[in-house]
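According to TrEMBL:
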| type | residues | note |
| --- | --- | --- |
| BINDING | GLY432, ALA433, THR434, GLY435, SER436, GLY437, LYS438, SER439 | ATP binding site |
| COMPBIAS | 1-13 | compositional bias 'Basic and acidic residues' |
| DOMAIN | 415-615 | domain 'FtsK' |
| REGION | 1-44 | region 'Disordered' |
| REGION | 227-280 | region 'Disordered' |
| TRANSMEM | 54-74 | transmembrane segment |
| TRANSMEM | 101-122 | transmembrane segment |
| TRANSMEM | 134-156 | transmembrane segment |
| TRANSMEM | 162-180 | transmembrane segment |
| TRANSMEM | 187-209 | transmembrane segment |
Amino acid sequence: MAKAKQDKKEKPRQTQSRRAPKVAERPRTNSSKPEIPLQDKLEQREQARGTRHAIQGIIFGALTLLLLVSLLTYHPNDSTAISQGTTQNIAGVVGAIVSEILFRLFGYIAYSFPLLTLLASIDRFQTIPRFVKYGNVIGVVLTIVCLCALFSLPTLGTATKFSPGGFLGAAIAAFLVSYFKVFGSITLLITGLIISGLLLKAHLFHYLVTPETPAIRDNPFERFPQIVTPQKRSTPKEKKKKPSKTLREKLTKSSKKKPSSKKYPNSKEPEIQLSQGYQLPSPDLLNKPPIEKMQAGMKQSLLNNSRTLEDKLLDFGIEGQVVGVLPGPVITRYEFQPAAGVKVSRIVNLSDDLALGMKAESIRIVAPVPGKDVVGIEVPNKTRETVYLRDLIESNSFLNHRSRLALAVGKDIGGHPYFADLGKMPHLLIAGATGSGKSVCLNTLICSILFHATPEEVRFIMVDPKMLELGVYDSIPHLLIPVVKDPQKASNALGWATEEMTRRYGILAQKGVRNIAQYNDAIQDFQAHQHPGESPPKESPLPYIVIIVDELADLMMVASGVEKPITRLAQMARAVGIHLILATQRPSVDVITGVIKANFPARISFRVSSKVDSRTILDTNGAELLLGDGDMLFLLPGTSRIRRLHGSFLSEKEIKRLTTTLKKMGKPNYDQTVLHYHGETEGGKDENEAEVYRKAVELVVKNGEASISMLRRSLRIGHSKAARLIDTMERDGIVSEFKGSRPRDIMITADQLHERFSRDEEA
């Protein structure tokens with residue numbers, strides 16, 4: 001019995017010894033656990049392959065020299081002197097025989113063979129040979145055959161012993177001439193040369209001028225297919241080629257303006273003038289990201305972490321193996337495949353224990369990873385990489401993005417740039433605690449639009465109740481009105497936006513289109529096909545309007561009536577090109593209500609203080625485990641999928657450089673109707689003051705209570721307005737004076753109130 005118990009206790013450790021390696025060619029095998037020397041064997045195998053290729057390269061090089069010398073020192077008399085061993089060829093009898101055969105078969109085309117062996121020699125010295133390919137072989141053979149035949153055509157039918165194209169060329173030329181004559185033969189042979197050139201173009205010639213990719217040469221993980229490394233940042237030489245012609249063509253087409261020849265002072269290439277005096281800003285305004293270097297020993301560190309992770313899970317009775325590692329700029333995801341019979345919920349509940357064992361700040365567990373049979377365990381990196389906005393906006397994905405509302409959100413856990421289209425979201429809700437990166441994210445979203453769109457295409461309404469974050473954008477040409485800092489003006493601006501939405505729907509209905517994109521396309525098509533004498537159209541393309549509210553909680557606290565226009569815009573404004581970006585540092589249910597959440601399917605959460613806040617913004621846990629400083633969870637619109645991203649960094653100096661440049665390009669064209677809009681009261685109602693007062697009095701008399709909080713809830717008005725209504729009731733004798741902590745008395749009955757209102761109506 002004692003021996004049986006001892007065997008039972010030792011069983012988990014025996015299972016541990018049978019586990020598969022963390023990084024292996026076949027991660028799902030059940031073989032015994034190899035140690036680190038297995039990785040050394042893989043490296044030795046690669047070194048042996050490199051040695052073998054080097055030997056082959058040397059052999060091909062020697063063959064090139066021998067062939068070249070044999071052909072250059074060829075003498076026709078060597079064919080008769082071979083038997084006597086007195087050849088004039090420097091390469092001796094073998095050189096004489098080889099040169100004789102090549103010249104007899106291929107004629108002057110024999111000189112191409114040393115070139116082919118030279119290319120093969122160079123190819124063997126590369127890390128990844130690329131010359132000996134199927135397309136290259138066919139192209140080379142077809143080229144030799146066609147050239148031999150072409151060289152033989154001039155001497156065809158003459159009594160010459162030596163054909164310039166050799167025996168092969170003479171035979172092919174004679175066959176073609178017998179069926180196609182000389183002209184047809186030349187046509188077919190030139191066609192064959194063109195086809196062979198096309199086959200060689202993408203292989204041989206590209207190989208001669210294209211160096212080996214540095215990402216393959218320098219990648220320490222290329223021998224381990226389960227470890228996926230992030231994309232390397234493009235080199236400066238690559239970036240010089242980047243200003244995309246596709247982007248410039250599209251911008252020119254959309255603007256229908258002649259490009260300006262004036263060069264931007266900080267740009268290496270001229271910018272296209274998209275409107276009068278305006279040109280898209282250059283990415284040179286942003287700081288140049290430093291070149292990230294691969295840390296020494298990173299591979300070994302990942303392997304050790306994989307082993308530690310497996311050991312910690314095994315300590316809690318969870319068997320399995322790490323089958324993949326995804327290093328990123330901020331975190332590393334270890335893909336753990338549990339053994340059969342292991343419940344995923346057991347792994348999820350061990351996040352704190354794993355963080356303790358891995359000595360990590362926090363660990364987030366994705367169970368399971370969508371589309372895979374693994375559990376993702378996200379561990380913070382010891383050294384975090386900074387994500388820069390310039391890295392994102394200089395990528396081809398952003399430059400060639402069709403939407404003018406493209407947002408450079410950040411990079412995913414694998415280090416790949418991630419972009420979103422605000423037009424498809426169609427609205428965005430951002431939440432996070434103080435210092436988590438929410439304000440920086442808001443600035444990067446604004447700047448990404450400024451780098452991609454002109455004032456004719458996108459206009460902004462910015463609301464900043466804190467009067468701190470968005471003031472730097474004041475007076476840029478994209479603003480529809482100055483940055484709003486007064487809550488009352490913010491309510492008026494949102495009310496104007498609802499009326500603008502209604503007006504735009506009427507315009508779309510008249511044109512018979514369904515959205516703003518179709519309307520603008522129709523206007524631009526009409527302008528493009530307009531005849532010289534025809535009068536210009538009355539309509540003009542409608543710009544997109546992006547409304548940004550930096551602190552929703554503060555705004556709703558002072559002007560609670562903003563919830564109604566926000567809800568209306570969120571429900572209906574997508575088709576007419578009006579989009580909302582709301583940010584708050586207090587994701588509570590009284591701020592992010594159910595109505596707002598239902599109309600904001602796209603949400604971003606930075607680090608929050610509790611699981612309750614995480615569920616409020618994302619409907620799930622996880623945001624409380626984020627690292628801060630731009631680490632975010634992005635709820636994709638229309639789905640329940642959550643993606644972890646790392647926001648880009650943008651300093652205040654970079655923002656000031658950008659806004660200063662934009663201000664120099666032109667002054668803002670403010671819409672006076674927005675500035676002087678007074679269509680709604682503070683409570684967002686269309687009734688006048690008398691109607692609001694009458695409703696308030698009826699509520700007080702009916703409920704027998706005269707409190708400010710009751711009026712705020714019932715009439716959806718602000719605190720100051722509710723207090724003024726109570727003071728007016730006191731002057732009219734409807735309620736008693738203020739009695740401290742005691743409630744006010746109601747001085748009239750419902751019948752008396754009805755009689756008073758009747759007398760007022762008669763008067």
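Every residue, even glycine, has its Cβ placed from backbone N, Cα and C.
Give me the lay of the land around each of these features.
According to DSSP, GLY435 (ATP binding site) is assigned to coil rather than to any helix or strand.
If one looks beyond the transmembrane segment (54-74) by at least 6 residues along the same chain, the residues whose Cβ comes under 8 Å of a Cβ in the stretch are 88-91, 94-96, 98-100, 102-103, 110-111, 113-114, 117-118, 120-125.
If one looks beyond the transmembrane segment (134-156) by at least 6 residues along the same chain, the residues whose Cβ comes under 8 Å of a Cβ in the stretch are 106-109, 112, 116, 163-166, 168-170, 172-174, 176-177, 182, 185-186, 189-190, 192-193, 195-197, 199-200, 202-204.
Away from its own ends, the transmembrane segment (162-180) comes close to residues 103-110, 145, 147-156, 187-189 of its chain (Cβ-Cβ under 8 Å, at least six residues beyond either end).
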Within the chain of ALA433 (ATP binding site), which residues six or more apart in sequence place their C-beta under 8 angstroms from its C-beta?
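Non-local contacts for ALA433 (ATP binding site): GLN585, PHE606, ARG607, VAL608, SER609.
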Around the ATP site formed by GLY432, ALA433, THR434, GLY435, SER436, GLY437, LYS438, SER439, which additional residues qualify by having Cβ within 8 Å of the site's Cβ center?
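Surrounding the site, in chain order, are GLN585, PHE606, ARG607, GLY628.
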GLY432, GLY435: which of these binding-site residues has the highest Cβ count within 10 Å of its own Cβ?
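Its Cβ has the most other Cβ atoms within 10 Å: GLY432.
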Name the residue among the binding-site residues THR434, SER436, SER439 whose Cβ has the smallest number of other Cβ atoms within 10 Å.
THR434
Taking the Cβ of LYS438 (ATP binding site) as the reference point, list residues of the same chain whose Cβ is under 8 angstroms away and which are at least six residues distant in sequence.
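Listed in sequence order: ILE430, ALA431, GLY432, ALA583, GLN585, PHE606.
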When you measure from the Cβ of GLY437 (ATP binding site), which residues in the chain that are at least 6 apart have a Cβ under 8 Å away?
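Listed in sequence order, they are PHE606, GLY628, ASP629, GLY630, ASP631, MET632, GLY647.
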